[in-house]
Amino acid sequence: YCSREECLELGRRYHALITKTAVCGDQFVTTSLVNMYAKCGDIKSMVALVKQMPYLDIASCNCLLAGYAKNALFDQAFSFFLKLDGIDVRPNHYTYATMLAICGSLSAIDEGKQLHAQTMKLQYLSKTAVSNALLTMYIKCGMMEDAESVFEGLVQRNVISWTAIINGFKQHGDYEKALRLVCLMREDGIDPNEYTFTVALASCASLRNSHMGYMFHAQVIKRGMALGDFVGTAIVDMYSGLGEIWEAKKQLKEMGKSASSVSWNAQIAGFFRNQKTEEAIEAFSQMVRNDAACDEFTYSSILKACSLLPSLATCEQIHSRIVKSKFESNVHVGSSLIEAYNKCGSWEDAERVFSQLTAADVVSWNSMIKAYSQNGRARKAIILFEKMVVEGIRPTNSTFLAVLSACSHSGLVQDGQKVFESMVKEYGILPEEAHYSCMVDLLGRAGKLEIALIFISNLPIKPTAPIWRPLFAACRCHSDLKMAEFISKQILELDPDDATVYVTLSNMYAEAGLQADAEEQRKLMKMKEISKEPGCSWIEVYNKIYRFFSQNKSHSEMPKVYEKLKQLMQQIEDIGHTDNEKEDRVLYHSERLAVGFGLISLPAKKQIRVFKNLRVCIDCHSFMKHISKIIDKDIVLRDNYRFHHFHHGSCSCGDYW
């Protein structure tokens, strides 16, 4: 009982009682005690007891090896196994099964093959425990051909061996073969168990095969397994993977109070994967109401949902619960929290979380550098990068991307070039497409268009559309129409449906007084049925998200919003500012509507946070700067490039975005 239930304290009491009654010298009793300490993870007591035994037999040796294996002390297990000959103990099939399992855990294929040869010589492969351990060892080592060969040669296949090979193909991405084997398993007269169905359901989700998914769901219902936590969670996960989130929600509801944290986590992660962020947050709230224990996976998943929304108020509420649950020092939760605060535009909160981490890993460092980068704190990003290196944390591709982005958005050309060169020279990291794109952006924003073009020409890879696009944007910023025409051709060859190219060229032609050329770009878009993604902005007011599109008139408060914007525009014009575009067009851009709604809805001292799916235009950027000074209110605007923190007439980007 103590071994099975891992009741260490009770086991120690029995040990004391056995010692008092002088039964401890019995080999069977002592071996049982060794097994108990092994199962309970008390390795020190296990080894001490073995040393006190007058002699060792194969049973006590197997208990010791199993204890080492269970507690991941693989080196000690191998060392003891090699000593068996010296103490005149002959390994049996249980010994080899344990050692093969250890080889699988270590991916020690050479040692595993030697054990395979020994089991063949000793004719132990007919033992189910050995053959299943050998099969699993090859699967864990990634050698599916050898695993399949072992499986085909099995004299007796049970549910464990079938499930092992099915799971092996699933783990290695051959989902179709995994599902075929499930069908063959049933033809072989072996009934799948809960774990088999879990693997099958996961394979259906990976293949997006809803037909087979429904079939397996029906089978587990017929067997009475559907409401069990193990299979029930797999059903939730499968429907989430298939995009049928309401079926997943229905399954979780049917599980009721029996649903564990794992089941709830699957539901939250499913909502997140399917971009249903508000539903994910509601599921998290329901999970808390059901008194299900939240773990690090729960918090990491829900914080990712907050990042997509994004909602600072929700993020703060979850942060409070994390602190109460004593997860604030967990590095995975901390990294997710930093990322969530960054996506909400609160780099100060992200900084506080980072400073409280007791053992930040590379993901945490990268998240904080990225937060500084996207919020216009380039110097802080570079300083943190240098500190990261000093503390012995090796930078990754993501690290360099964040630092290069910081340099690009702040005009730190020399710093950016130095960082880029160090990637290969100091760290042996080969730049990828995103790094090249960042370097082009760095040079282009600084007005070094010709140098950027030369940089692209000398790349070791063929330039892609993402590499050309930042230079095209720089041509727009620096009014270089000739180069813009050249680059537009390069982009459209790679991505003929890029609406931004047509719109940008049209605007540049119009600004140059070439109205016919501007109109031609619009005609081409219409002829090719290419449409620009509509601008959408959203704002959170009293824990509710409100979305706005350009020229939006559907909201009941729109008359008040328009009136407020007109008043502000008049005040801006009074100080001598005018929009470049027609006033009636830019006045109703989505970000202005969201800000206007925030001004009439939020308390006077409340900061306004607006999020937009596209890049903020020059006129709206200027508008935000002016009103932040006129009304003396901070405005945070995140576009698809970065965060803009407007304060008393200036922006954190330094008008460099």
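Note: Cβ is positioned from N, Cα and C throughout, glycine not excepted.
Curation plays no part in TrEMBL annotations; they are all automatic predictions.
Remote same-chain residues near the repeat 'PPR' (57-91) are listed as 27, 30-31, 34-35, 37-39, 41, 43, 46-47, 50, 98-99, 101-102, 105-106, 111 (criterion: CB distance under 8 Å, separation of at least six residues from the stretch ends). Taken from TrEMBL, the feature repeat 'PPR' applies to 57-91 (among others).
Under DSSP, residues within the repeat 'PPR' (158-192) fall into helix, strand and coil as 26 helix, 0 strand, 9 coil. Taken from TrEMBL, the feature repeat 'PPR' applies to 158-192 (among others).
Residue counts for the repeat 'PPR' (260-294) under DSSP, helix first, then strand, then coil, are 26 helix, 0 strand, 9 coil. What TrEMBL lists as repeat 'PPR' is 260-294 (among others).
Within the chain, the repeat 'PPR' (361-395) has long-range Cβ neighbours (under 8 A, six or more residues past its boundaries) at 331-332, 334-335, 338-339, 341-342, 345, 347, 350-351, 354, 402-403, 405-407, 409-410, 412, 415, 419, 427, 429, 642-645, 651-654. The repeat 'PPR' annotation in TrEMBL covers 361-395 (among others).
For the domain 'DYW' (578-657), the predicted model reports an average pLDDT of 87. Summarising the annotation, TrEMBL assigns domain 'DYW' to 578-657.
Within its own chain, the repeat 'PPR' (260-294) is flanked in space by residues 229, 232-233, 236-237, 239-241, 243, 245, 248-249, 252, 301-302, 304-306, 308-309, 311, 314, 318, 321, 325, 327, 545, which lie at least six positions past its ends and keep a Cβ under 8 Å from the stretch.
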